[in-house]
């Protein structure tokens with residue numbers, strides 16, 4: 001609003017005030033025009049107050065009286081913002097100074113009386129208003145000082161009340177459509193309410209005489225509708241029922257308000273009016289062959305005429321057409337009901353055949369809304385929403401809304417039935433969904449039970465097996481029904497097998513026995529009769545007359561067969577046993593170690609002190625068992641027995657093979673691989689050695705403690721030492737025997 005105030009406007013106001021306060025007769029029209037200028041805030045209220053004060057301080061009493069009358073008119077019509085300037089100390093002290101002036105500056109008695117009258121009336125009208133309280137203080141002060149006021153006249157406070165343009169309100173968005181202001185979407189203020197609007201919401205312009213604004217200024221759409229509605233009511237133009245908005249009679253020239261047709265054309269969009277017209281035409285065209293002649297020309301006949309008057313016949317014809325359309329719609333609904341009832345009866349009786357039912361489609365349910373009815377409902381909802389921003393009486397002057405309301409009101413039972421059917425369908429679908437969910441849940445449970453049952457059966461057949469067998473070592477056992485070994489040399493292997501003959505695994509296939517179980521363990525006995533459970537149960541050979549075809553011979557190489565009646569000595573003379581086979585059991589096919597601990601300098605490193613203690617105890621037990629009578633095998637031995645020779649025979653039969661000199665000891669480590677690759681040329685069965693042992697019992701040869709055979713374990717094979725261990729001393733006396 002500061003843009004309104006300019007020096008040009010102030011100069012124009014000064015000229016008008018000078019003209020109104022001239023010494024001629026008072027011009028009331030000019031006074032009201034000046035008050036409207038002040039009220040419209042075209043000029044600053046302070047500048048207007050100072051212009052009036054200047055004219056009041058004039059030396060001409062007539063000018064002073066005219067200025068006082070003009071000031072009173074402006075106080076009563078200038079608005080609250082001008083009243084605040086009149087009640088200021090600057091203006092009131094100027095009036096008091098005129099009252100107290102003495103000497104040449106004394107004012108005229110009429111001017112003096114007029115000033116006291118105005119102060120008294122203004123103070124009476126401003127009672128109870130805080131912003132105008134200084135006028136009352138001046139009035140009371142003058143009363144105390146003894147100034148004689150004229151008789152008091154009761155003046156209502158409404159005398160000084162006048163509408164003025166409100167203060168402008170600032171905002172970042174449009175206060176109607178909430179669109180943000182940008183560089184292109186500029187901000188505009190409504191002169192009627194002072195709010196912020198954008199361009200599309202404040203395109204209207206109207207003069208505001210109630211605010212003292214006589215020229216057309218910018219207003220928003222809401223204020224425009226309110227002001228034009230008030231103006232149409234004030235003009236006394238009766239509302240007209242027409243297809244579209246018709247113009248009202250022309251206003252007198254003195255009225256600056258726009259006619260009603262301008263408001264109507266701007267208030268509603270053209271497309272909305274076209275939609276209304278098309279909807280009504282469609283309703284009429286869908287009736288049962290009913291086409292009225294006025295209906296075809298209804299849109300053109302109901303358009304506003306140039307003179308602003310609509311034909312009354314068009315209104316009557318429109319009402320008749322609407323009645324006919326409603327009647328046709330009701331008749332169509334009744335016919336649909338009858339068709340639906342007939343279709344239901346036909347389905348119940350079962351008389352309709354598939355051939356006859358194919359060409360004729362079932363009619364729609366009478367409770368279903370047609371697309372046209374749904375469109376009318378949506379259109380009516382849109383119109384009602386648009387009416388929220390229209391003046392209160394707009395709904396009474398819109399025949400289209402009334403017609404839509406009547407037609408939609410007839411659809412309420414149909415809509416209620418549609419809603420009920422939809423709810424029943426919804427409940428049915430919910431019930432079916434619950435049943436389906438239950439069935440699916442039962443089916444899933446059944447599948448889970450079947451799967452679990454199948455898995456359990458499969459686990460019994462293949463996955464739930466008993467514990468795995470013990471991992472076989474290098475000397476697995478034979479069949480449990482193998483015949484026992486003959487001779488006292490096999491007594492050591494009748495018990496549990498030593499754990500040293502197997503690789504240490506997670507499962508202990510061979511438990512560790514105590515040392516007391518090895519009753520007749522010595523160097524010779526361990527070689528002559530190994531335990532029957534040291535060999536894998538691959539095949540159980542048949543009892544034959546010779547040893548060669550046995551299955552165990554396939555593991556340890558081809559061995560010569562001897563008849564049972566051959567003397568042991570003859571076999572011993574023909575045999576030249578290898579010391580590697582005499583001192584250690586034959587290895588498994590996957591084992592390359594076959595030398596004796598005493599003959600191999602590298603192998604003697606692998607025996608611990610525990611093995612030495614074990615050997616000493618076994619030698620003592622062997623001496624006790626050798627005193628007992630030994631049995632000679634009366635029948636050929638079981639081919640399942642070990643093919644190793646029994647070294648318990650007289651030592652003179654194999655003296656050439658046992659003596660070893662220190663010079664020959666270093667050459668022994670190369671024999672194990674050769675012994676494993678090539679079998680010996682001649683080797684005696686163990687029963688011949690047993691027979692020779694019974695004939696002659698030589699003194700027992702005590703081997704050194706370090707020569708005891710403790711078996712092979714996984715811990716017994718570290719990296720071969722690079723130094724030659726100390727060899728035990730061999731007794732020469734035993735060699736001479």
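Just so you know, glycine gets a Cβ as well, placed from its N, Cα and C.
Keep in mind it's a predicted model, so treat the numbers as computed, not measured.
The region 'Disordered' annotation in Swiss-Prot falls on one of the ranges 134-166, 167-199, 332-364, namely 332-364. When Swiss-Prot is compared with the stretches 285-319, 390-424, 425-459, the one noted as region 'Disordered' is 285-319. Annotated range for region 'Disordered' in Swiss-Prot, selecting from 81-117, 229-265: 229-265. Helix, strand and coil residue tallies for the zinc finger (168-228), in that order: 14 helix, 18 strand, 29 coil [DSSP]. Counting residues of the domain 'VHS' (18-150) by DSSP class, helix then strand then coil, yields 97 helix, 0 strand, 36 coil. Under DSSP, the residues of the domain 'UIM 2' (317-336) split into helix, strand and coil as follows: 20 helix, 0 strand, 0 coil. Restricting the average to the domain 'UIM 1' (267-286) gives a pLDDT of 69.
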